[in-house]
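K.L.:
The structure follows.
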Amino acid sequence: MRKFGIIGLGNVGRTVAYTLVTKGIADSLVLIDKDQKKARAEQLDLQDAQARLNTTTQVTIQDYDNLKDVDILYISAGDISISTNGGDRFDEFKFTAAVVKEIAPKIVASGFKGFIIDIMNPCDAVTSYLQKLTGFSKQRVFGTGTFLDTARMQRVVGEKLNVNPRSVEGYVLGEHGNTQFVAWSSVRVQGEAIQDLPEAKNFDFDKLADEAKQGAWEVASGKGFTSDAIATCGVSLGQAVLSDARLVCPVSGYSKKYDTYVGLPAIVGKNGIESVVDLPLTDEETKKFASSAQMIHDNVAKLG
């Protein structure tokens, strides 16, 4: 039985729940939120929807003890209003760190043995803090990181070259935030290095990277939040674990070199983070990665 849990039923958490139920991915789903009425409302809404689906998901709410046999637990609490309108995701850290401090002991006390996927911002710092407070292995705790940022880069490049974004490969690395960067040396379009493409000869790569980075704020300023793309990323990672897909993708994973969680390519499978991929970077990209990782490390260290 595929059992999922979600803590935090805001715009992202409820979209994850909707996806898990309507796509028939979850056999059982545990919903937890600080607002009892909201949790009950989401439960009823999902139960009502199942009268028109061909699959069934048992939906329970507000029970940390029920997390004991959950396979994948999403942490998606947050307050988007703190960092909306082009701000810094680290603006949320005081709020989300307090959430982690509250929920981590409850997760541990439940006897939880599954995998945690963090979606809260600032993703890398929160994932670091969550792993520290739960004491779970670094394989079992990871975040969506730059998985979504990479998708945004794929969209921007695809639009520029008039190709399907799935034909664009490569990585956005570093913080899921302002210090992220596109590792252009890793980007390929239909199998060919983007920097070798004749049609890309006059591209302003810095401008393209900024367009991808600003995609989040464009969505948030238009509808007040982001939800669909990030929820899709979270669900994809959960599926990769349960199906042992050994999916190579960017996540917020632990870097031994920098002693912090940061957006990096990893193999995701039945053991969570199976391994980190050692990606060859240019000297400039290596410096950007080191700077981003150090910033995350220093901010987490301030929590003590």
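Cβ coordinates are placed from backbone N, Cα and C, and glycine is handled just like the others.
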K.L.:
Among Asp33, Asp35, which residue does TrEMBL name as a further NAD(+) binder in the site formed by Gly8, Leu9, Gly10, Asn11, Val12, Gly13, Ile119, Met120, Asn121?
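P.N.:
The candidate from Asp33, Asp35 that TrEMBL ties to NAD(+) along with Gly8, Leu9, Gly10, Asn11, Val12, Gly13, Ile119, Met120, Asn121 is Asp33.
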K.L.:
Which residue among the binding-site residues Gly8, Gly10, Asp33, Met120 has the fewest other Cβ atoms within 10 Å of its Cβ, if you could check?
P.N.:
Gly10
K.L.:
Pop the Cα-Cα gap between Gly8 (NAD(+) binding site) and His176 (active site, proton acceptor) into the table, whole Å please.
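P.N.:
If we compare the Cα positions of His176 (active site, proton acceptor) and Gly8 (NAD(+) binding site), the gap is 19 Å.
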K.L.:
Which Cβ among the recorded positions (Val12, His176) has the fewest C-beta neighbours inside 10 Å?
P.N.:
Val12
K.L.:
Which numbers of helix, strand and coil residues does DSSP report for the domain 'Lactate/malate dehydrogenase N-terminal' (3-143)?
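P.N.:
DSSP classes over the domain 'Lactate/malate dehydrogenase N-terminal' (3-143) add up to 69 helix, 25 strand, 47 coil.
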